[in-house]
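As recorded in Swiss-Prot, the features of this protein are as follows:
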type     : residues : note
SIGNAL   : 1-18     : signal peptide
ACT_SITE : His69    : active site, nucleophile
CARBOHYD : Asn95    : N-linked glycosylation site
CARBOHYD : Asn151   : N-linked glycosylation site
CARBOHYD : Asn183   : N-linked glycosylation site
CARBOHYD : Asn193   : N-linked glycosylation site
CARBOHYD : Asn243   : N-linked glycosylation site
CARBOHYD : Asn319   : N-linked glycosylation site
ACT_SITE : Asp331   : active site, proton donor
CARBOHYD : Asn410   : N-linked glycosylation site
CARBOHYD : Asn429   : N-linked glycosylation site
CARBOHYD : Asn443   : N-linked glycosylation site
Amino acid sequence: MFLQNLFLGFLAVVCANAQFAEFTAFDGKFDFKEHLTSRSPYHKPYFYGPSIDFPTTCKIKQVHTLQRHGSRNPTGGNAAFDAVGIANFQQRLLNGSVPIDYSVSGNPLSFVPTWTPVIEAANADALSSSGRVELFDMGRQFYERYHELFNASTYNIYTAAQQRVVDSALWYGYGMFGEDVHNFTNYILVSENATAGSNSLSSYNACPASDADDFTTPALEAWRNVYMPPIRQRLNPYFSNYNLTNDDILNLYGICSYEIALQDYSEFCKLFNSVDFLNFEYEGDLSFSYGMGNSVKWGSIFGGAYANSLANSLRSVENNTQQVFFAFTHDANIIPVETALGFFTDNTPENPLPTSYQVHSHSMKASEFVPFAGNLITELFQCEDSKYYVRHLVNEEVFPLSDCGFGPSNTSDGMCELYAYLNSPVRVNGTSNGIQNFDTLCNASAVAAVYPY
């Protein structure tokens, strides 16, 4: 009892004289914009790795960037979430064929009569103004970081041929070289059809053998039938004798996502809570995982050709004068490459991402890896021990390689010795055989020469 009273007395004195700092550890706010799957604005991922500074005992020798286009309008198409589908739904909201009950107190859709849509079907697929700024700024930052490698007179910039990707690559070039961009660059447009073969930067379009497989549609339908009914039930009372469909919910998510991309604000996002956004984010993860990622056999095949080309460039560092490599592409090409490089080993075709419930801890989160303007940068260093080491940056964060040992610090610094990296079981099939596998298993078109990525 004496000790208890002594402790309480001591505590009272401490509390009376203490200058308390506000405890903020539990004050984190949910930022829904970072959970809009691949339609999220650019942001860093959550796997906070080591510092991205160059190691003090190493010298940068090569850098390879695989860069997604900037923020854009919806893709063309009539389906829900596509440009025409969203535009038609917007018109139905405005003309009353999707009848909002404005008599309901606190109706979150009460703004619709004075709302002016910014999503237009005529702008389908086009890069947004913010997308141009994003890529310009990224090009500027890339040049500032790696300027010592820019020792050539011109640089080949490979880009998937779709206009928004080409525009992104051009704005990136302006960020690096300013008005002299055309004096320093050679833009090489890579076809987005099957003729590109293993050089494709939209490899899902260059693999005829995969065309008959559709694992994505049943996966998405299954998940939508889990998470959308509660949303429909919650929102239905705000409409007059109208029951929302899954397509309606998808279009509401689409308006929210693309208004954020086009103007960084959307009243429609207020219809959803944090759980809704996490469930929508998971839908995006299922789409990538079952479409071209780690839940299907095609994921590592689609990404293997780039992985093999990258590995060839890394291996030839001592005989190669080229030090900077550029490839501009889509989100749907970056995820397969990262799959082939062994980033997402927790799910496989034998253990796919579940469609009846959400796995919060899965590794492949599209919001983190491929937001608008997302990128995968591969750095090659030579260190004081004369060995070469590989490191990946995902959207300005070091990806925590854990399958191939350590860097020269002998700690978890995100670096691996070059041949330990290339020969690791999680990626050796891609780094050694990716092009051959793509050619054979995809029944791909032959190419005259392999592009150096």
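In case you wondered, yes, glycine gets a Cβ from its N, Cα and C as well.
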(request) Name the one residue among Asn319, Asp331, Asn410, Asn443 whose Cα is closest in three-dimensional space to that of Asn243 (N-linked glycosylation site); these are the recorded positions. (result) Asp331
(message) With Cβ-Cβ distance below 8 Å and at least 6 positions apart along the chain, what are the contacts of Asn319 (N-linked glycosylation site)? List them in sequence order.
(response) none
(request) Fill in the CA-CA distance, Asn429 (N-linked glycosylation site) to Asn95 (N-linked glycosylation site), as an integer in Å. (result) 55
(message) I'd like to know which of the recorded positions His69, Asn183, Asn410, Asn443 sit within 10 A of Asp331 (active site, proton donor) at the Cα level.
(response) His69
(message) Just to verify: the residue among Asn193, Asn429 with the fewest other Cβ atoms within 10 Å, which of the glycosylation sites is it?
(response) Asn193
(request) Could you round the CA separation between Asn443 (N-linked glycosylation site) and Asn193 (N-linked glycosylation site) to a whole angstrom and send it over? (result) 14
(request) Determine, using Cα-Cα distances only, which of these glycosylation sites is closest to Asn193 (N-linked glycosylation site): Asn95, Asn151, Asn410. (result) Asn151
(message) So if I draw a 10 Å sphere around the Cβ of the residue listed as 'active site, nucleophile', how many other Cβ atoms end up inside it?
(response) 29
(message) Whole-number answer please: how many Å between the C-alpha atoms of Asn183 (N-linked glycosylation site) and Asn410 (N-linked glycosylation site)?
(response) 43
(message) If you count other C-beta atoms within 10 angstroms, which of the glycosylation sites Asn95, Asn151, Asn183, Asn410, Asn443 is the most crowded?
(response) Asn443
(request) May I ask which of the glycosylation sites Asn95, Asn151, Asn410 is closest to the residue listed as 'active site, nucleophile' if we compare their C-alpha atoms? (result) Asn151
(message) Helix, strand or coil for Asn443 (N-linked glycosylation site)? Use DSSP.
(response) coil
(message) Between Asn410 (N-linked glycosylation site) and Asn151 (N-linked glycosylation site), how many Å separate their Cα atoms?
(response) 32
(request) Let me know how many other Cβ atoms fall within 10 Å of the Cβ of the residue listed as 'active site, proton donor'. (result) 20
